[in-house]
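A.B. asks: Before anything else, here's the structure in question.
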Amino acid sequence: MKNLSFLINRRKENTSDSNVYPGKAKSHEPSWIEMDDQTKKDGLDIVHVEFSPDTRAPSDSNKVITEIFDATEDAKEADESERGMPLATALNTYPKAAAWSLLVSTTLIMEGYDTAILGAFYALPIFQRKFGSQNDKTGEWEISASWQIGLTLCYMAGEIVGLQLTGPSVDLVGNRYTLIIALFFLAAFTFILYFCNSLGMIAVGQALCGMPWGCFQCLTVSYASEICPLALRYYLTTYSNLCWLFGQLFAAGIMKNSQKKYADSELGYKLPFALQWILPVPLALGIFFAPESPWWLVKKGRFDEARRSLRRTLSGKGPEKEILVTLEVDKIKVTIDKEKRLTSKEGSYSDCFEDKINRRRTRITCLCWAGQATCGSILIGYSTYFYEKAGVSTEMSFTFSIIQYCLGICATFLSWWASKYFGRYDLYAFGLAFQTIVFFIIGGLGCSSTHGSKMGSGSLLMAVAFFYNLGIAPVVFCLVSEMPSSRLRTKTIILARNTYNVVSIICSVLILYQLNSKKWNWGAKSGFFWGVLCFCTLIWAVVDLPETAGKTFVEINELFKLGVSARKFKSTKVDPFVVKTPLKTSLITTPREISKLPLQRNSNVSHHL
């Protein structure tokens, strides 16, 4: 935090100033602060300060005004400091916050793992013979398209239910305990998958496991965005994508081993299910000791607990650390208080659509996450099955999948470097543009039946995975945490993720019909379809997706309130803490300047929080 010594001195000055009037009466001290009814109705951020003869003790009146103005000034200082904080300083100041965020996000490894093994099972010989049927034309064993669709629908339906349960659970017990409960249920539901003897049991197990996965999808992103400063926000929210990839890579390695050693044994599919018991217990213990989100605590009015939570995320000791805590709590208070004027007291799902501002924020968040499905990423999840249907051998299909996930991990790390030079929108849009081109090439190669074209289409799907994990895949986790207001963040993310799940269900059904030999049997020619859909997603991003890189939450709030267009978000500068007065035409940016005004009896000062 910059200028800590200055802030310490200012605090001391404020303390001494409060004792200037030990017993003397001031005739024109501010006696109350009010917001008129029309201002409240219009949702304007204007606080009306009336100056009139004070009937209360002068020192009490002065203290009230000083506290209100100091809170706003503290919020401004915290916001400016966060915006200008270098990455190295952020890591040095918030190392514990980064560590706690990484721990919570690790829960997504399990979702990435299980969803990947489900798609890989369709290419596993023992699974095909145990639960599938033989194709009369080709003689091959495979899981019917209807069952593939059913299993996919089950876990996605479970995720939708889990996401909806997450909202009230977080409101009731907070982020930490909600995650711990979800981990407990995941460990319990895994028994159903391990002891499965029919596709029906797998369907039930997938549906039940989907509920805790839905919880992980929402809370990992919101927790990372709320516990860390702006300089770390991109890295720690996009780490969620890395966790997905780690889980998928782990699954690909396990499935390749199963294909080699347990191709004719039930351990080929039981062992991958059993490995899901590794993480829940250690993760639950770690999350139990993690600090709660200070934003959630402030929303609940638990300010002392919010301060304790912030102390646990900061390094160092002494007055500097306490000032950091005070400034951050004041900033959170001011941000939430501003949002309360536009929404209901508690914040409900209906608030996400109540007014034009929140409707826009909700729409962008939902479509942004849905873009992860419409860009063709679901095809990457069925990569092993795709490679096999494109004519690649089963063993080579599993090898391609491992290479694909390794490329995805490298691409996500590369996106961290690229984020220093390009914005969120840039990475999102450029990634879609490259994916569109590659998908059309894959479709063209699918029109040929030569061995070279089959290997080429498989190789290019790895290129799609690379560009996807360089652009849209990681940046979405950051964008969906920045677009909603702080009071509605969890609920908006839940709506957005459920939008993604619904769109993913549709895309998964289409993919399974496109690849299954008993249905459309498109094979690599399906690249044409996903190229067109990816291009449509790109057009939406150009028109509607704002650039939020380098913007703090309070700045983003102000830009949305002003109705700034998507392409002007980056260049528009706002000061959410500016103070205006009708006595002067200039803008007053600190409460300290208010004391210098030649205030007269019954004069007004409008303070723009």
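Just so it is clear, glycine is given a Cβ too, placed from its N, Cα and C backbone atoms.
Pulled these from Swiss-Prot:
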type	residues	note
TOPO_DOM	1-106	topological domain 'Cytoplasmic'
TRANSMEM	107-127	transmembrane segment
TOPO_DOM	128-142	topological domain 'Extracellular'
TRANSMEM	143-163	transmembrane segment
TOPO_DOM	164-178	topological domain 'Cytoplasmic'
TRANSMEM	179-199	transmembrane segment
TRANSMEM	201-221	transmembrane segment
TOPO_DOM	222-234	topological domain 'Cytoplasmic'
TRANSMEM	235-255	transmembrane segment
TOPO_DOM	256-270	topological domain 'Extracellular'
TRANSMEM	271-291	transmembrane segment
TOPO_DOM	292-363	topological domain 'Cytoplasmic'
TRANSMEM	364-384	transmembrane segment
TOPO_DOM	385-397	topological domain 'Extracellular'
TRANSMEM	398-418	transmembrane segment
TOPO_DOM	419-426	topological domain 'Cytoplasmic'
TRANSMEM	427-447	transmembrane segment
TOPO_DOM	448-459	topological domain 'Extracellular'
TRANSMEM	460-480	transmembrane segment
TOPO_DOM	481-492	topological domain 'Cytoplasmic'
TRANSMEM	493-513	transmembrane segment
TOPO_DOM	514-525	topological domain 'Extracellular'
TRANSMEM	526-546	transmembrane segment
TOPO_DOM	547-609	topological domain 'Cytoplasmic'
A.B. asks: Can you work out whether the transmembrane segment (526-546) touches the transmembrane segment (107-127), with the criterion being 3+ CB pairs under 8 Å where the paired residues are 6 or more apart along the chain?
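C.D. replies: Contact criterion not met.
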A.B. asks: Which stretch from 143-163, 179-199, 201-221, 364-384, 398-418 shares the most C-beta pairs under 8 Å with the transmembrane segment (107-127)?
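C.D. replies: Going through each listed stretch, the top one turns out to be 201-221.
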A.B. asks: Using DSSP, tally how many residues of the topological domain 'Cytoplasmic' (419-426) sit in helix, strand and coil.
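C.D. replies: Counts, helix then strand then coil: 3 helix, 0 strand, 5 coil.
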A.B. asks: Take a look at 201-221, 398-418, 493-513 and tell me which one has the most Cβ pairs under 8 Å to the transmembrane segment (235-255).
C.D. replies: 398-418
A.B. asks: State the mean pLDDT for the topological domain 'Cytoplasmic' (419-426).
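C.D. replies: It averages 92.
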A.B. asks: Taking residues 6+ outside the topological domain 'Extracellular' (128-142), which of them lie with a CB under 8 Å of any CB in it?
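C.D. replies: Residues 122, 198-199, 202, 266, 269, 516-518.
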A.B. asks: When each of 143-163, 364-384, 398-418, 427-447, 493-513 is checked against the transmembrane segment (201-221) for Cβ pairs under 8 Å, which one has the most?
C.D. replies: 143-163
A.B. asks: For the transmembrane segment (143-163), could you work out the same-chain residues 6 or more beyond its ends whose Cβ comes under 8 Å from its Cβ atoms?
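C.D. replies: The answer is 114-115, 118, 121-122, 127-128, 131-133, 182, 199, 202-204, 206-215, 217-218, 494, 497-498, 501-502, 504-505, 508-509, 512-513, 516, 518-519.
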